[in-house]
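According to TrEMBL, the compositional bias 'Basic and acidic residues' annotation covers 824-838. Annotated compositional bias 'Low complexity' per TrEMBL: 865-886, in sequence order. Residues or ranges marked as domain 'U3 small nucleolar RNA-associated protein 13 C-terminal' in TrEMBL: 664-798. The region 'Disordered' annotation in TrEMBL covers 807-909. The annotation repeat 'WD' is assigned in TrEMBL to 102-135, 144-187, 188-229, 382-417, 428-462, 482-515, 527-568, 569-610, 611-642.
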Amino acid sequence: MANTNLQFKTNYVVDSKIEPFYKGGKVQISKDENYIFCTCGTRVNVLEISTGKIVHSVEHEDQEDITSFALSCDDEMLVTASRALLLKQWDWRQAQCTRSWRAIHTVPVASMTFDSTSTLLATGGCDGTIKLWDVVKQYCTHNLKGSPGVVHLVQFHPDISRLQLFSSSQDCGIRLWDLSSSKCVCVLQSHYSAVTSLSFSPDGDTMVSSGRDKICTVWDLKTKKAKRAVPVYEAVEGVVMLPVDEDLSQIGVKSKDMHFITAGSKGELRVWEASTARCVYAQTLGSSLSASSEEEDKEDDPRGLTHLLHLPASSRLATVTAEHNIVLYQLPALSTQQQFVGYNDEVLDVKFLGKGDSHIVVATNSSQLKVFELLTNSCQILYGHTDTVLSLDVFKKSCLFASCAKDRSVRVWKMDSDSGQVHCVAQGSNHANGVGSVTCSRMKASFVVSGSQDCTVKVWDLPADLSTAGAEIQQLTPRATEKAHDKDVNSVAVSPNDKLLASGSQDRTAKLWSLAVEGSVSLLGVFKGHRRGVWAVCFSPVDQVLASSSADGTTKLWSLQDFSCLKTFEGHDASVLKIIFVSRGTQLLTSGSDGLVKLWTIKTNECVKTLDAHQDKVWGLHGSQKDNKIVTGSADSNITVWVDVTEVELAEEQAKQEDQILKQQELSNLLHEKKYLKALGLAISLDQPHTVLNVIKAIRQSENGHELLEKTLLKLRVDQKESLLRYCVVWNTNARNCQNAQAILQVLLTHLPPEELLQYQGARAHLEGLIPYTERHMLRIGNLLQASMFLNYMWQKMRVAGAPVSMGQDEDMDTTPLAQPFFRIDKEKGMGSDGEEKQDGDDSDGGQDEDLDQKEEDEEDNEVSATNKSTNNNNNGGIGAKTNGNHHSESEESSEEEDPEEEDQTAVKVVKCLPVSSAPECQTSAS
């Protein structure tokens with residue numbers, strides 16, 4: 001087994017997350033070029049370019065989808081429009097809405113933009129109107145009508161002194177509005193499809209427009225006529241005019257004439273010379289295996305570009321793809337600088353990759369693989385498969401990994417350790433159906449095993465020297481093929497010594513195979529016991545056991561010797577999809593369809609921790625090489641990296657315990673030195689009511705206790721007085737501690753004004769809790785006082801029969817002992833009651849409540865005992881009987897109280913010592 005000194009893991013916490021931040025719509029980059037603003041349903045997310053993390057997010061309270069937004073040119077204001085026809089102005093750095101107003105549009109706002117001074121905001125609605133707002137003075141300045149249909153494009157002329165606004169709607173024309181007269185000056189007609197973007201020259205006299213009619217038009221704004229129409233042979237979504245003062249010879253700009261760059265449905269950037277209408281540069285897409293010539297013109301091509309943005313300060317371009325990926329290119333070479341994935345769709349598998357687990361490779365519900373750098377969240381997209389990638393596995397060196405897909409193929413990829421670039425180095429396709437699982441050899445990169453929906457398992461030998469980038473992809477051929485199961489093979493796993501193979505299938509079984517014989521796979525045994533299909537199998541790294549997880553919600557451990565089930569782990573409410581060993585094989589991690597990840601200790605069969613961070617099936621689960629991190633991928637599009645915090649939490653707990661010990665010692669020293677104020681404050685800070693009670697008792701027992709208590713309590717801080725009041729409510733429920741609570745309450749109520757007390761947290765509830773118990777204590781003390789007065793009266797009025805007649809009735813009485821005492825007191829019973837009272841008082845905690853029905857039960861007991869007593873002593877006189885009964889009930893009541901009063905004890909002692917005459921004589925004298 002594993003090392004006995006091994007520390008079991010107890011908890012993981014989220015270290016980082018890769019979550020969806022863009023699901024289509026508008027994208028804008030801040031003026032300082034540090035942030036990307038993009039819509040994601042009901043939110044506008046702010047992505048920091050340097051880290052790839054979402055740093056801010058604004059969301060409408062009504063949970064309505066945001067239809068458009070605009071960021072001011074000074075990066076200060078963000079305005080959003082929702083389907084609820086509300087415009088909201090945000091301080092986006094604080095995620096606070098500073099102003100909200102109703103859009104006058106009758107239907108949602110489709111487009112909006114700020115002018116260069118960040119004063120005017122133009123909104124284009126689906127009702128064909130354009131509204132202009134002065135965001136400083138907060139009123140609507142213009143209402144421009146005349147556009148047919150949805151106004152999907154509004155843009156100010158960069159020179160605000162011209163007071164010109166350009167708009168486009170469903171008639172495919174570009175309207176030029178003069179804001180000084182609120183009239184449409186002209187309509188620029190050239191396009192036969194929707195106009196998608198506008199770009200202006202630095203002098204503001206030339207404009208380029210792009211449209212989905214595969215044409216870009218160059219306009220002379222002085223004459224308001226088209227200078228040239230440039231056919232670009234693709235639906236163009238974005239156009240940017242290139243600066244003339246930069247050296248862009250690497251992308252074909254050889255002259256000083258005007259050049260512009262387009263982005264469209266083909267997914268590539270192309271540079272055009274305006275004067276000659278020819279393409280001088282076209283970007284080449286790497287690994288364009290999935291795009292065929294017939295598919296290039298399809299609008300839903302995943303590589304199609306939907307936005308093109310220029311970052312002039314850093315000389316960069318940003319493009320947005322139809323798959324919601326944002327790519328940053330560096331001019332002049334158009335080299336890819338960063339790539340962010342806005343939406344991952346369903347994550348089917350995820351694995352750590354690279355030296356030191358610096359990257360993760362993700363299989364999503366698409367034919368592309370995504371490799372994320374964890375430090376910056378920058379992503380590299382790998383093209384190669386032609387259908388959905390289903391499974392991944394990584395070799396021991398972590399720079400080589402394998403993938404399989406529905407396209408019936410297996411591919412092997414290699415990461416360059418220096419540049420981090422990943423390339424496909426080998427592929428094999430021999431299966432008759434989709435390949436659902438793949439696993440790699442453990443000792444060295446010698447073979448790959450795949451399991452398919454055609455019920456077969458194939459073993460693929462890898463070439464000795466896998467080529468790097470630039471070389472031709474090598475073809476793999478299977479060295480062995482075996483029909484393994486009756487249904488789909490869901491999972492395959494190779495043992496740590498590369499000699500055994502395990503497979504799990506939808507036919508509810510897992511099987512063990514031998515790989516020792518070259519060129520064949522031989523069956524060793526079958527693991528039967530699951531009630532539903534087996535989703536995953538995994539070998540222990542240290543023991544001869546196999547773990548399997550199933551759709552029946554259980555995880556089982558099997559012996560490789562006799563194929564028996566050793567342990568069963570139950571806890572998931574649905575299918576268990578993935579399983580891995582951690583802590584050197586002593587613990588398990590499982591992920592399920594319920595969105596939970598559970599940590600199990602094998603020895604105790606105990607679920608140590610449940611990690612809940614996903615809302616859907618957790619398909620991907622993988623541990624790092626150092627065994628200190630795990631990564632999970634879910635169908636909710638979230639990828640979460642978890643870090644082991646067992647040692648951190650243990651160190652924190654030890655530090656907390658040491659701090660507690662030091663404070664306890666300091667508290668003892670303060671009490672010994674009679675520094676009650678510091679002792680009381682320290683006990684309250686430790687949140688130990690019993691210790692606070694001991695300090696209060698020590699103060700009250702000291703000389704001038706009341707004055708010292710008053711002086712100490714009034715010096716406490718407000719939060720300490722709040723805690724003390726909260727403790728008093730609990731102490732007041734117990735007769736033993738009520739005097740201390742009442743003493744504190746007397747000080748607080750006497751010296752603090754009611755207004756201050758009511759400002760304490762929960763003061764009203766505390767006072768309401770104090771009232772009924774205080775009334776009960778007062779009633780008990782009143783009854784005790786009444787009983788003591790009655791006994792005192794009896795003491796004064798009683799006389800002994802046989803005394804001289806001359807003796808006054810109310811004077812001295814004969815104290816000669818007689819044969820029979822008038823009061824029959826069971827001393828053993830009384831002492832027993834007192835003893836029990838002391839014992840109960842010592843064991844009881846000051847914070848426990850007394851039973852509210854105890855008083856009624858006590859009264860019933862007293863009535864019964866008094867009746868029995870009078871029955872037993874039926875020869876006694878009326879006064880004697882009454883006295884005896886009353887005394888007996890009072891002694892019963894005092895014995896049941898936890899802290900009897902001193903007067904009651906004195907009275908009982910006096911009555912015990914009283915010698916009386918015989919009962920008849922006493923009756924006669926009393927009458």
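Keep in mind that glycine also has a Cβ here, set from the backbone N, Cα and C atoms.
Keep in mind it's a predicted model, so treat the numbers as computed, not measured.
Within its own chain, the repeat 'WD' (188-229) has Cβ neighbours under 8 Å at 152-153, 155, 157-159, 162, 166, 168, 170, 172-176, 235-241, 243-244, 258, 260, 262, 264, 272, 274-275, 277, 308, counting only residues six or more beyond its boundaries. Proximity of distant same-chain residues to the repeat 'WD' (428-462), defined by a Cβ-Cβ separation under 8 Å and at least 6 residues beyond the stretch ends, is recorded for 387, 390-397, 400-410, 412, 475-498, 501, 503, 505, 513, 515, 521. Counting residue by residue with DSSP, the repeat 'WD' (188-229) contains 0 helix, 24 strand, 18 coil. Proximity of distant same-chain residues to the repeat 'WD' (611-642), defined by a Cβ-Cβ separation under 8 Å and at least 6 residues beyond the stretch ends, is recorded for 12-20, 343-352, 357, 360, 362-363, 372, 374, 394, 398, 575, 577-580, 582-584, 589-593, 595-599. The repeat 'WD' (482-515) makes contact with the repeat 'WD' (527-568), as judged by at least three Cβ pairs under 8 Å among residues 6 or more apart in sequence. Remark: secondary structure over the repeat 'WD' (482-515) totals 0 helix, 20 strand, 14 coil, with classes taken from DSSP.
Model confidence over the repeat 'WD' (188-229) is summarised by a mean pLDDT of 91.
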